[in-house]
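> Let me begin by handing over the structure; questions about it come next.
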Amino acid sequence: MGVCLQNYIPPESLTLSCPVCRQTSILPEKGVSALQNNFFITNLMEVLQRDPECSRLEACSVLESVNAAAAGKPLCCPNHEGKVMEFYCESCETAMCLECTKGEHREHVTVPLRDVLEQHKTQLKTQLDAIRNRLPQLTAAIELVGEISKQLTDRKNEAVTEISSTFEELERALQLRKTALINDLENIYSAKQKVLQAQLSSLLQGKDHIQSSCSFTEQALSHGSATEVLMVQKQMSERVSAMARHDFPERPHQNAHLDCQVETEGLRRSLQNLGVLITTAAVGHTSVATGEGLRHAATGQHVSVTVTTKDKDGELVRTGNAALRATVTPVADGSRIVTEPEVTDNKNGTYEVGYTLRSEGEFSFALSLYGQPLRGSPFRLQAVKPSDALPSPDDVKRRLKSPGGTAGHVRQKAVRRPSSMFSIKKKENPIEDELIHRVGTRGREKGEFTNLQGISASSNGRVVVADSNNQCIQVFSNDGQFKMRFGVRGRSPGQLQRPTGVTVDMNGDIIVADYDNRWVSIFSSDGKFKNKIGAGRLLGPKGVAVDRNGHIIAVDNKACCVFIFQSNGKLVTKFGARGTSERQFAGPHFVAVNNKNEIIVTDFHNHSVKVNGEFLFKFGSHGEGNGQFNAPTGVAVDTNGNIIVADWGNSRIQVFDSAGSFLSYINTSADPLYGPQGLTLTSDGHVAVADSGNHCFKIYRYLQ
């Protein structure tokens, strides 16, 4: 071992850093060679490393010496032959002989070995008891983890059974449908064939009659005598005349049209998304609850707290569906549950837990995740009369009537903001979410907004915002630093009256939809006016985008249609009209283009998103559930084709796959949106949204 350390430690070193634990110790004056040997370990190693061929007797003799050391019998000093180790150096924590106390340990405090023996034995027993006391905990943990493992296996087997039975049932249903279709096909075929065969039989019979009459008459004329011809003339004439007058069914009584049309595209799309495996990595001991409702409540008033779920490493869980349970019990009577709070799943890894207490007193508020307590649970909760309650610092939300409609928004109470030229607020709140930057406040100065609408991002790290009521365009860096603004109020070319939509083309030009001027303006990257297009055609453009061919796509909110222009203003095509059908719009807002060059439009009053070209498909319906909308606005598409949609009336951002199936939410719970409008993906892959009601834009971390 000494040789290993000598190779490990530089010759001039005065200290030793343990290769395993990195603890530093001071070396003796003579260096590594003066370190004490641990003969117990050394002898044990010799036994373990002995050649298997060695004699058993020799091994036993070594083990006897090891046993003697372990039994506390006097051991000889390794440094002074024949001397017994009778002393103990407290500084070096080692045993030694009398000669050692006069040598390298002469300045250390040494005591008789027997005096410290009992002290060390007591310490070791205490440590041993502490370790032994952990055994029940480990046993319980082993049982718990084993039980969870068993439950997981049971759940998996149940899920496999359910999947198998579901798909077997679907196979049976498909087989039944197949049989029904074939039976219907056979019936239709038989009916049509019966008509055709009857007609065919009639025609064949008529043909035979005509042929036989012709043959008989020709035979008589050719070979009959005069007497024979005269005898059959009348009969043959009547028969031939009758045949000539007969109305044969010469026109088909049926057709051969018999096709089978099976519309499989929708079914295939449904099958691709059929079945969802619901799971989460959330665990109780790392998940946290926040809010005044953990500690204080006023009787008769609804109180809520927020639970943020995390995995075993403390990383945020981004999905919902965790088994979260909450109970409130009186401290005086823990067996009586006074209320089971309502748990609302935000589907993004956070949960709202709300409750109302009817009586005063002390309560225990327990939160458990999959049967395991959350960090800090149970919480001691004090309920008092409303007149005795202090205002809650967590009371930051209120319901307001949405502008221009009856749908509700969740909005923060007004917060006094700095009076600086513009405000960038980094996320600093107790609920961990995906907000990176909040930029701006209400006002008319640089970096301030009044009813911002469209938002776009450039490839060179810029975020461009249409500041509608300030009649200008403002440009920021990806981290929210103000760069420039341009725009003069007016109705002449190059002026802005009500900018709503904005996008940046592949050349860096900034393209602005001007709702009140009824045209689209094109500016250079530094804000110089270049051209206007769509004048005389557009009635109220709202959203604008550029496709892969460089065409400018303008959504006409007022005319309920979509225009596609060349960059020089020449109309390529337009589609859509006012209405509720698949190819119609009702107040379309914003537009995006996916990697297939398909046009994606948010249909505001139809509460849906439509993927267009020749109409492809739509998704969404009116509501507050997953994949439902209360008037969708901004839209963007990520590099994987996933569609990100701002849900104006529900004040949230939802994410869908390229086929329109709901995937997740962007977590906006800590600083709620209020009527979000435009939405874009920044060049560094984050989601930027125009939070119109809060007069700012926000940038959220987005994991593709």
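Glycine is no exception: its Cβ is also placed from the backbone N, Cα and C atoms.
The structure displayed is predicted, hence computed values, not measured ones.
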> Which range, 98-129, 386-417, 610-641, does TrEMBL list as region 'Disordered'?
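Here TrEMBL associates region 'Disordered' with the stretch 386-417.
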> In the same chain, which residue numbers or ranges, 6 or more beyond the ends of the repeat 'NHL' (527-568), come under 8 angstroms Cβ to Cβ?
453-454, 473, 484-487, 493-494, 500-506, 509-515, 518-521, 574-579, 584-593, 597, 599, 601-602, 604, 612, 678
> Counting each residue once, how many in the repeat 'NHL' (527-568) are helix, strand and coil under DSSP?
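Helix/strand/coil tally for the repeat 'NHL' (527-568): 0 helix, 21 strand, 21 coil.
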> So which residues does the repeat 'NHL' (660-703) touch in its own chain, when a touch means Cβ under 8 Å and the partner is 6 or more beyond its ends?
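Residues 273, 306, 318-319, 346-350, 397, 400, 402-403, 409-412, 423, 427, 429-443, 448-463, 465-466, 478, 480, 501-502, 543, 589-590, 609, 611, 617-620, 626-627, 633-638, 642-649, 651-654.
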